[in-house]
Amino acid sequence: MTTTLQQRESVSLWEQFCQWVTSTNNRIYVGWFGTLMIPTLLTATTCFIIAFIAAPPVDIDGIREPVAGSLLYGNNIVSGAVVPSSNAIGLHFYPIWEAASLDEWLYNGGPYQLVIFHFLIGIFCYMGRQWELSYRLGMRPWICVAYSAPVSAATAVFLIYPIGQGSFSDGMPLGISGTFNFMFVFQAEHNILMHPFHMLGVAGVFGGSLFSAMHGSLVTSSLVRETTEIESQNYGYKFGQEEETYNIVAAHGYFGRLIFQYASFNNSRALHFFLGAWPVIGIWFTAMGVSTMAFNLNGFNFNQSILDSQGRVIGTWADVLNRAGIGMEVMHERNAHNFPLDLASAEPVSAPVING
């Protein structure tokens, strides 16, 4: 009997780390993008939670009128927000070391920049990590392509729009009511409801919801029965089974008769590509719309009302939007300027006569 002793190959600590980072056997895949994603998202989340709970008021308009957004300063979950950095800061990069003190940094809304920059880097890395894991597993790269839609939307409202408007104070506040306020002001200043790219985005989101519900209900209604009537149909599926779990021919026949033949897919791969592509392309268009409106390439304006033969205004939906936009613009930053640009006029306008 012969015993052979072989010297074990020594692996450096760096090589062990590389193998661990790129291993697909880990419970959660880390990846090289993950080494940057994890600290940035943890930093953004931690700062957001602390600022949402305890941040002092922020001078968002740069006119020495601070706006409180945290829970400890009188807000609730709905009204609370991380308030954007001050208009006095503009587009300047404003880390903690750029301020004279921590109090000054908080007063000028420094936490907002800290959160959004780390958040954006984190979601960019998350998208890269999706590609990286797909590559390691030999999969196609479409998962990260689909994820690029919400990434582009977040980049548009947190980075591109403030750059176009000249100040991070115009970025979207990090809160529920702050998001709604951002939407109202965006409509008032850019007429986004009349922008074709926004319309395509609405079609993408609502259409995607409709198609998802239609697909799920069709599949659920055409499952191949593998159980008795007293058992859940979910028990009829075994993870990894080779057999089809639903009858696509039956679903195709039902939907083709419900509408017409060519409205129904007879190819499962083409169907699922369509379900993925429709909302993604719609959200891409919305992000492009916000990015173009950031530089004031706004939605359609129908400022000239339709008049009848006597000169009376015939009200249209465009008139409703214009009037609502002016009203919202008047209420926005009401102490930062006297009148919105839409109301500024070289000629004096007499007040309307009130019929008493």
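Glycine is no exception: its Cβ is also placed from the backbone N, Cα and C atoms.
As annotated by Swiss-Prot, transmembrane segment applies to 29-46 (among others).
The transmembrane segment feature in Swiss-Prot is assigned to 118-133 (among others).
Its Cβ taken as reference, His118 (chlorophyll a ChlzD1 binding site) is surrounded by 20 other Cβ atoms within 10 Å in the chains shown. Sequence annotations record features per position, and here Swiss-Prot assigns chlorophyll a ChlzD1 binding site to His118 based on sequence analysis.
Residues or ranges marked as transmembrane segment by Swiss-Prot on the basis of sequence analysis: 142-156 (among others).
Annotated site 'Tyrosine radical intermediate' per Swiss-Prot: Tyr161, in sequence order, evidence recorded as sequence analysis. Taking a C-beta cut-off of under 8 angstroms and a sequence separation of 6 or more, Tyr161 (site 'Tyrosine radical intermediate') has the following same-chain neighbours: Asp170, Gly171, Met172, Val290, Ser291, Met293, Ala294.
Taken from Swiss-Prot, the feature site 'Stabilizes free radical intermediate' covers His190. Around the Cβ of His190 (site 'Stabilizes free radical intermediate'), the same chain contributes Met293, Asn296, Asn298, Gly299, each under 8 angstroms and 6 or more positions distant in sequence. When secondary structure is read from DSSP and collapsed to three states, His190 (site 'Stabilizes free radical intermediate') falls in the helix class.
Summarising the annotation, Swiss-Prot assigns transmembrane segment to 197-218 (among others) and lists sequence analysis as the type of evidence.
Secondary structure from DSSP puts His198 (chlorophyll a PD1 binding site) in a helix. If you take the C-beta of His198 (chlorophyll a PD1 binding site) and look for same-chain residues 6 or more apart in sequence within under 8 angstroms, you find Ile192, Phe285, Thr286, Gly289, Gly299. Sequence annotations record features per position, and here Swiss-Prot assigns chlorophyll a PD1 binding site to His198.
Taking a C-beta cut-off of under 8 angstroms and a sequence separation of 6 or more, His215 (quinone binding site) has the following same-chain neighbours: Leu271, Leu275. The quinone binding site annotation in Swiss-Prot covers His215, Ser264, Phe265, and the record cites sequence analysis as its basis.
For His215, His272, the entry in Swiss-Prot reads Fe cation binding site, with the evidence type sequence analysis.
Among the features that Swiss-Prot reports, transmembrane segment is placed at 274-288 (among others).
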Next on the checklist: I need the least crowded one of these binding-site residues (Ser264, Phe265, His272), counting other C-beta atoms within 10 angstroms of each C-beta.
Outcome noted: His272
Next on the checklist: Beyond the listed site residues His215, Ser264, Phe265, identify every same-chain residue whose Cβ lies within 8 Å of the center of their Cβ atoms for the quinone site.
Outcome noted: Met214, Leu218, Ala251, His252, Phe255, Leu271
Item to check | Chain residues outside the transmembrane segment (197-218) and at least six past its termini with a C-beta under 8 angstroms from it | outcome: 251, 254-255, 271, 274-275, 278-283, 285-286, 288-289, 292, 299
Checklist entry - Any idea what DSSP makes of Tyr161 (site 'Tyrosine radical intermediate'), helix, strand or coil? => result helix
